[in-house]
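The structure appears below as structure tokens.
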Amino acid sequence: MNRSVILQCEAVTVEFDGFKAVQGMDLRLEKGELRFLIGPNGAGKTTILDVICGKVKPASGKVLFQGKVDITRRKEHQIAELGIGRKFQAPSIFPTLTVFENLEIAMRQNRGVFATLRAKMSAEERDRIEAQLAMIGLEAKADWRAGGLSHGEKQWLEIGMMLLQEPEVLLLDEPVAGMTDKETDKTGELLHQIARKRSIVVVEHDMEFVRNFASKVTVMHEGKLLKEGSMDEIQQDDRVAEVYLGKRRDVDVSRSTA
Amino acid sequence: MQLRTLTPQRIYILIGYAVASAALFSAPLFMSDFRLNLLAKFLAFAIVALGLDLIWGYTGILSLGHGVFFGLGAYAMAMYLKLEASGDRLPDFMGWSGLTQLPWFWKPFESFAFAAAMGIALPAVLALVLGYFTFRNRIRGVYFTILTQALVIITVTLFIGQQAFTGGTNGLTGFSSVLGVPLSSPDTKRMLYWITVIALLGAFVLCRYLVKSRFGKVLRAIRDGENRARFIGYNPAVYQMLVFSISAGLAGLAGMLFVLHVGIISPFMMAIVPSIEMVLWVAIGGRGTLIGAALGAILLNYAKSEFSTSYPDAWLFFLGALFVIVVVFLPKGAVGLFGRLKFPKRKGQKHEQVSHSAV
Amino acid sequence: MLPFLKSWKVLCLFDRKAYTQQVHKRGEFMELIIGQLFNGMSVSSILLLIALGLAITFGLMNVINMAHGELIMIGAYSTYLTQNLFIDYLPSSMFNWYFVLAIPASFLIAFAIGLILEFSLIRFLYGRPLDSLLATWGVALMLQQLARTIFGAPNVGVKSPTWLDGGWMLMQGVVLPYKRLFIIGLVIVTLFAMYLYIYRSHAGRRMRAVMQNREMAACLGISTRRVDATTFAIGSGIAGIAGCALTLMGPIGPALGTYYIVDAFMVVVLGGVGKLVGTIIGALGIGLTNTLFEFWTTASLGKVLVFLCIVAFLQWKPKGLVAMRTRSLD
């Protein structure tokens, strides 16, 4: 292993009122890796993302960031400051702020109160935001209230916000849900592009998308790690097939249950 | 620094501000002393409304406790005025309650500067402490609102109960002079009026700076989605604490001015009903717009002074009905109604354009 | 604000000073404790009755009803009217029984007004707790003014039935007045009826279903509109019963409800939303600590201490004693 590990989950267990949503889950993410996390409903995929970004505190286990910081003890905003960005399933942008303002506050910067009180928009910051606007195709709508955007545009805005946030690790929960085929392909290419510099974990139900863009896939089932490997290895695995559809091997049909 | 483009709309707005300020400053020229005193009181209320709008309109946190912050400011100033009026003697009500010596915490209030500083600092610090213990634990929404209401109840109960130190139900009154100048003289009143105008304009400029800065955008982001803001890396609790504290400080400032104009402060003036009425000022003017909040305070209090004495019963019905109508049908208040009539097609885009290029 | 203090004093049956003297004289600690616990219990039981409706409507519809206090007032005036009807139209030998009729009358009148309120206003405010708080406060103001117009601003007295005079001597020096025992009994009966309704009836099952998952319940064919309206009206009716009970404690006036509403809300904050048991514990907690603190210190300091206790408690459990978990982001 030459590449350094950026994120490491060790034996993470999460309980909700006695129900174990995640049981002893391990996950190692290397720098510049694009990892897909799949599994049937209730497998604990979203929960493990929640643990990494601090939304849910695990009952036991550790999550090490850059090999040293145990982030399970940190608060959400501290984890975000360390460099872990999260995109939720439903587009969550700030509806009464304009598109431009959404990007402005998401941009990497000092987020203390006194810093934002004195903050002035520099020419360099403006250029960065405008470049990002161009990339997500919302230049013409920069002054719109974000709440007035279409579903797909909101998704793009949120991706734009994440990119300006410049996190080391991106956690994406179903980023292509509700997107057209064309947009889905664009997103996939974008993910590969981003993964050159950063690490990404994607939870996805869209098997077509996973097959087209995944290099390494982790399958979860009932809160545990079931299988990890390339897409081909996953598709050949009997246990994965069984989990998804009884005895049948066609993983693709799982989309209907998503 | 961005270039400020002077669009026609911007020019109109600037002219509007200039005319309004000029009118306020020259009001003593064409108003009777009695009316001027009333207006001064309303302007002090407008300062409360500005602060309340910061926390409610922009940050989405409803405080029903601003009467307390207002009252603390007012009491701080009143303590100074009472000591000045009493001269070397013990304030009268203390004697009635059997005190023979000035309590230690009253002593520093012999200084005007100390009293004025406390009038802002006390409410600001109280808000900071309450904010620390609530926002940090994500106690928000109605839970926070109910706690602020409980704060009102206990403060009022405490002020009534500790009669020897606070003057009890009668509150503090019977003032004569401020800094050696008699309070009752028309010259003093006019001077106090101008000070209030300056305070209001200062508060307005401060609030405007806050809401237009990136800080203000984060506030609105927290209002839209507190958790989302958290996952971007902002700590909402710190923002909420700070803005709550600023808001309380402004209420304290208004309370000090109020006492100077009216000459009395009692626990009833910071009780539940006045506190919630303050919220109505903001609601009716339009939450989330500073001008709306300030105008709401002035207009509603003007209406109150016109009608409540001649038709007290009808006034309460009217007030109640106003609450219902504004909340259910006019969530953006009068300014929202006006905006809808005036620019039916623009969907507020114009406003947003102004807001980010003006930073 | 003064009557507010008085009303609390009324609730504190045993005068503090008299008690302290007694203790000094006789040195019996047990009496003191039992007396205070009993006071705390009766305060709690009334708070519980008031908070019950609030907790249910907040849990079910995410609506904060500030006019709840005025439903208490309506219940109290209903009792007053029932009394007057008995005095005017029935022989005086029947008078003692007016109270038996007054309880259902208070419930029904408050129930009906709650239903009207729900239909005309509350249903537009579902899921907007802060707005509902403000709008219902406006309603509260109007109802108070209405009461003032109809019945006059001064307090009116309601004569308690004679069979509630006197008290039960528990031990030497501790007399538990029948009125308070009756109130505690009334609360227990109401609570039991509520328990049966929520956990044992079909209507209650529908209500819990809507509370836990509104969309799913609607999909399963439950008329959420009807459930909301009925629940709100029942909560209002219980407030009416609380108002009826309060007539036993002292004179009543148009602002009767405002003295209790904030305390009742604190019970909801403390107890959390969604389960009966949270409200019960919350009410007992606030009622008892309130009485004890007021006894040990003064009425005003006691209130401050209770408030500090509540804030301290919320540091530990920010969502109250029982909280429902959700997965949604905000």
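Note that Cβ sites are derived from N, Cα and C of the backbone, with glycine treated the same way.
Outside the transmembrane segment (B:12-31) by six or more residues, the chain places 39, 43, 190, 193-194, 197, 200-201 with a CB less than 8 A from a CB of the stretch. Annotation comment: TrEMBL describes B:12-31 (among others) as transmembrane segment.
Residues 24, 27, 31, 66, 70, 189, 192-193, 196-197, 199-200, 203-204, 207, 210-211, 216, 219-220, 223, 243-244, 246-251, 253-255, 257-258, 261-262, 278-279, 281-282, 285-290, 292-298, 301-302, 305 of the same chain sit 6 or more residues outside the transmembrane segment (B:38-58) yet have a Cβ under 8 Å from a Cβ within it. If you look up TrEMBL, you'll see B:38-58 (among others) marked as transmembrane segment.
Feature annotation from TrEMBL assigns transmembrane segment to B:64-83 (among others).
As annotated by TrEMBL, transmembrane segment applies to B:112-135 (among others). When Cβ-Cβ distances below 8 Å are used as the criterion, the transmembrane segment (B:112-135) is approached by residues 65, 68-70, 72-74, 76-77, 79-80, 143-144, 147-148, 151, 178-179, 236-237, 240-241, 244-249, 251-253, 255-256 of the same chain, each at least six residues removed from its ends.
Taken from TrEMBL, the feature transmembrane segment covers B:142-165 (among others).
Same-chain neighbours of the transmembrane segment (B:191-211): 21, 24-25, 27-28, 36-37, 39-40, 43-44, 46-47, 50-51, 53-54, 58, 181, 219, 243, 246, 250, 253, 257, 260-261, 290, 294, counting only residues six or more beyond its ends whose CB sits under 8 Å from a CB of the stretch. Taken from TrEMBL, the feature transmembrane segment covers B:191-211 (among others).
Outside the transmembrane segment (B:280-303) by six or more residues, the chain places 38-39, 41-43, 45-46, 48-50, 52-53, 56-58, 200, 204, 207-208, 211, 319, 322-323, 326-327, 330-336 with a CB less than 8 A from a CB of the stretch. As annotated by TrEMBL, transmembrane segment applies to B:280-303 (among others).
Annotation source TrEMBL lists transmembrane segment at B:315-338 (among others).
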